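Feature annotations, reproduced from TrEMBL:
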- 55, 121, 320: Ca(2+) binding site (BINDING)
- 68, 186, 238: protein binding site (BINDING)
- 119, 222, 319: Zn(2+) binding site (BINDING)
- 167-187: disulfide bond (DISULFID)
- 234-245: disulfide bond (DISULFID)
- 104-145: repeat 'NHL' (REPEAT)
- 158-197: repeat 'NHL' (REPEAT)
- 211-249: repeat 'NHL' (REPEAT)
- 1-17: signal peptide (SIGNAL)
């Protein structure tokens, strides 16, 4: 399957009040950049990677990799009720590895016999590692260096749409006050916000019944990220081919806005698989449409103006990404099963 990739750079200004009209930016102007940089393969020394579904960077700039080892998500993985095939069992190899971002040396391994279908990974400001498993329908939090979760949400192997269940959750974003957001996910297409103890605070979104989707509706929220000082939570609305940014409800004082109010969105981006924030920029990857007509590529896009530029080539099947403090972007792919490395231009 051919895949086109977009790196999105979104500059979002301070929001003092909810706008009457939600700004919509169309990706309809693409300019080629001379001498496009090439994304190169990042070789992990000492590990055979499966489908690389989750990436994160901790405070020491170490790369955390969540992968499926020999497990593959195919037509035999789930039944028509979204329940995982129990005959497949747990993955008996280490699904989480910690890697030196310069040398590729494996520093730590964990996660054997715990996960069934790895998906998203997030490292928070305290170096806690959060993961989602779409087979377990669960979200787990691991304290730094620990093998057992300190917090688990969702009922193992039981999909649902009530306040106590997920259905194939995809990603987690964590605020500095401990509140966290879960993208839930393939079935429910909603965002759920919890306090630091795992108590549900609110939820928003919901799947659109038709196309075009309405503002605030979601269809497979595949990735989620926070821009805390702007009180925004931004969602990769994959099957609606857009990014939507909502009020996160974590600001205090006169600028506080209730959680879940749509602030801005960028339309017609392609199937957005992953987004992450760096210094008021969103960096994201998209996959191809279902027909596979788009050539693999990377774009840089200023959502304020709607202008996009071809940025790099060499991407085939992206699923997640992570960004270091120095602007190195790591992209996890699921066929070929590998990690790519790309350096953002200075100032991005």
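The backbone N, Cα and C atoms fix where each Cβ goes, glycine too.
Feature annotations (TrEMBL) mapped to structure.
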residue: 55; record: Ca(2+) binding site; CB count, 10 Å: 27
residue: 119; record: Zn(2+) binding site; CB count, 10 Å: 28
residue: 167; record: disulfide bond; CB count, 10 Å: 20
residue: 186; record: protein binding site; CB count, 10 Å: 23
residue: 187; record: disulfide bond; CB count, 10 Å: 19
residue: 222; record: Zn(2+) binding site; CB count, 10 Å: 26
residue: 238; record: protein binding site; CB count, 10 Å: 26
residue: 245; record: disulfide bond; CB count, 10 Å: 25
residue: 319; record: Zn(2+) binding site; CB count, 10 Å: 24
residue: 320; record: Ca(2+) binding site; CB count, 10 Å: 30
Pick from 121, 234: which of these recorded positions has the biggest number of other Cβ atoms within 10 Å of its Cβ?
234
For the repeat 'NHL' (104-145), give the DSSP counts of helix residues, strand residues and coil residues.
0 helix, 22 strand, 20 coil
Whole-number Å value for how far residue 222 (Zn(2+) binding site) lies from residue 167 (disulfide bond) (Cα to Cα):
13
With Cβ-Cβ distances below 8 Å as the criterion, list the same-chain residues six or more beyond the ends of the repeat 'NHL' (211-249) that contact it, or say none.
8, 10, 12-15, 18, 22, 120, 170-176, 181-186, 189-191, 193, 201-202, 204-205, 255-277, 280, 282, 284, 286, 303, 320
C-alpha of residue 187 (disulfide bond) to C-alpha of residue 222 (Zn(2+) binding site): distance in Å?
11
119, 222, 319 excluded, remaining Cβ within 8 Å of their centroid (Zn(2+)):
53, 54, 120, 170, 171, 223, 273, 274, 320
Between residue 222 (Zn(2+) binding site) and residue 234 (disulfide bond), find the distance joining the two CA atoms and give it rounded to the nearest Å.
11
Measure from the Cβ of residue 68 (protein binding site) and count the other Cβ atoms within 10 Å, all protein chains considered.
23
Cβ within 8 Å of the mean position of the Cβ atoms of 55, 121, 320: remaining residues of the chain near Ca(2+):
52, 53, 54, 56, 64, 65, 66, 120, 122, 274, 319, 321, 322, 332
Pairwise CA distance, residue 121 (Ca(2+) binding site) versus residue 319 (Zn(2+) binding site), rounded so that it is a whole Å:
11
Roughly how many Å separate the Cα of residue 245 (disulfide bond) from that of residue 320 (Ca(2+) binding site), to the nearest whole number?
19
Measuring CA to CA, name the entry from the recorded positions 68, 119, 234, 238 that ends up nearest residue 55 (Ca(2+) binding site).
119
Out of 68, 119, 186, 234, 238, the recorded positions in the record, which is closest to residue 320 (Ca(2+) binding site) when you go by Cα distance?
119
Please report the Cα separation of residue 234 (disulfide bond) and residue 319 (Zn(2+) binding site) in Å, rounded to an integer.
17
